[in-house]
Amino acid sequence: MSGYAGVVVSDPWLHSQFTQVELRGIKSKFLSARNQSGKVTIGDLPPVMVKLKGLSEMFTEAQIKTILGESSSDMNAEIDFESFLRAYLNLLARGTAKLGGPKLKNSVSFLKTSTTTLRHTISESEKASYVSHINSFLGEDPFLKKYLPLDPSTNSLFDLAKDGVLLCKLINVAVPGTIDERAINTKGDLNPWERNENHTLCLNSAKAIGCTVVNIGAQDLVEARPHLVMGLISQIIKIQLLANLNLRKTPQLVELVDDSKDVEELLGLPPEKVLLKWMNFQLKKAGYKKEVTNFSSDLKDGEAYANLLNVLAPEHGSANTLDAKNPTERANLIIEHAEKMDCKRYVTPKDIVEGSANLNLAFVAQIFQQRNGLSVDTQKISFAEMMTDDAQTSREERCFRLWINSLGIDSYVNNVFEDIRAGWVLLEVLDKVSPGSVNWKQASKPPIKMPFRKVENCNQVIRIGKELNFSLVNVAGNDIVQGNKKLILAFLWQLMRFTMLRLLKNLRSHSRGKEITDNDILSWANNKVKSSGRTSRMDSFKDKNLSNGIFFLELLTAVEPRVVNWSVVTKGETDEDKKLNATYIISVARKLGCSIFLLPEDIMEVNQKMILTLTASIMYWSLLQKTRDSGSATIDENKVADGSPAASTDGEKDTMSAGRLSNLSIDDSLSDTAASPHVETGETSPPVENEEPSTEVEKDNPPDKE
């Protein structure tokens, strides 16, 4: 296979204004404006531009036509793609001036993520801090040690990031075991395809640990765009530093609350809020009267830091810190105190005084890791452990949480059971996967003070679920409001499964127009393996023989022969060997482009739901490759993501990335798939054969209506 170069823009500055994901979407719109002669004129642009991100909230089609007419008297003049991009930026700039900064932020969705476009300044302090972190944690890595330590005053960080190995290794530091390093391409001189594979593995793994990568593609990382690389590294390091700020990892945190109701609230807090709560808890011990509400302005004078360190490590403290006459002098003393506690210097005195939010958060998190000052009250710890979920529930909650966050909705979910109880997040997800299904005039956005508004939101969620043919027997919105975990997990599973089947249907509909069922996915996988000359098969998605992983490795080999290195595959006879295979399967699938959120344990234990998602993801990737390679149509991944029809024109073929999320896939062997009656008649897909009870949302007793 040849390497993928992305959408190329000759003007470096213009190229830098967009990520590859954005360029693909914009070029798709540009090509759709071509007239019968195959050209695009200025007069063809208004109906296309009004649909671009941001512009629909700023201008009408007539206004865009007027603005374009100001710069050109000939509306029949041909325009090329780069001129189209400049016109787009010009309209965005004019719209910004018209709406004002704050309104623009709410209007242009891609400006809200951590991988922001049109804002490319990077903090040298942050770069130096992240370089120090990388040097410290990866300095002894067998592959990277010949390149480390990096010099923060140069661009060596971005040069090293270009082949993808550094970012993959950094993810494994943040969440050990996320990436099977046997799947990383680490030879000395990588070709474009191998670099793309590494970055695809990186991005899909980053999503699987909770990073937001909605507006960044593999090609952006191959080009090592500084603001995108820094944004991703920042998220990875933040996840590492905040990993223990939850009751499962640090049950001593229960000391921060007084009763069980407060414990439930603590479970729903994002790690940053837990860190602030811990900091204020310790500051209260020191008699510090102010409340710290952020990691920026509230820490600039250094007084909170001085009190915090004196409480946690009084043996290293000094009265001179609080007596210092100016913030810079106090900040210097704070850093000296922290170094005596063996805390890494994520901040400099200047960063404290200037209120660098990212670096202050990293610094406080490092202090927490080193010395949290919490008690070891066994009675309270036992209570905290009782409040946490069992392993199976926790794994499913994690999977659905990461999946929701990968969709690019406005809300960010930290705890599924707490964050969706108001119904708003579920409405956002439903609107994403089934556009137009939500009546937003009847929805209430958080914060919601009136309980009945939450019930109204959740009632609409249930209504839409029934319209989508979900099984929701005796279920009402109040069950979600009350946090019924079993019903919530069952609803989310049906929502995730619906989304997968919709993606497969959209991709396949341009050649057959048939529904996709669970049995289709099962038959496709078996036929694909059989057609490659292999002998293994799966009888169902809960076939215990799948636990050794061999079937999925053969399936991955069948869809892409070069992707599995069979010399590192075990026979899967022991639990240890099964785990090695399962970890490798997940990394290889992500390396191809499958966006999956299961864990090795899900394969080892043959979790029926997760096995289905894995198989469907591989199927989607394979089918998408066939669609892309056929030249008859390609896929607009932004449309695929929201469930819209996926085909686009031949001219968009060069906009596809070989390793993107949209490269999950289904394949040519669909032609070999046994024709299911459900496929032929277009009936709604049945549940998985012998589906677990929790898949269908059902209750013996109807809920009390609020």
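Glycine residues also receive a Cβ, built from the backbone N, Cα and C atoms like all the rest.
Residue counts for the domain 'Calponin-homology (CH)' (124-241) under DSSP (helix as H, G, I; strand as E, B; rest coil) come to 75 helix, 0 strand, 43 coil. Annotation source TrEMBL lists domain 'Calponin-homology (CH)' at 124-241 (among others).
The average per-residue pLDDT of the prediction over the domain 'Calponin-homology (CH)' (269-372) is 92, rounded to a whole number. Under the heading domain 'Calponin-homology (CH)', TrEMBL lists 269-372 (among others).
Taken from TrEMBL, the feature domain 'Calponin-homology (CH)' applies to 394-500 (among others).
Residues or ranges marked as domain 'Calponin-homology (CH)' by TrEMBL: 515-623 (among others).
As annotated by TrEMBL, region 'Disordered' applies to 635-706.
What TrEMBL lists as compositional bias 'Low complexity' is 661-672.
Taken from TrEMBL, the feature compositional bias 'Basic and acidic residues' covers 696-706.
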Stretch in 124-241, 269-372, 515-623 most in contact with the domain 'Calponin-homology (CH)' (394-500), if contact is a CB pair under 8 A: 515-623
Three-state composition of the domain 'Calponin-homology (CH)' (269-372), taking helix and strand from DSSP: 70 helix, 0 strand, 34 coil
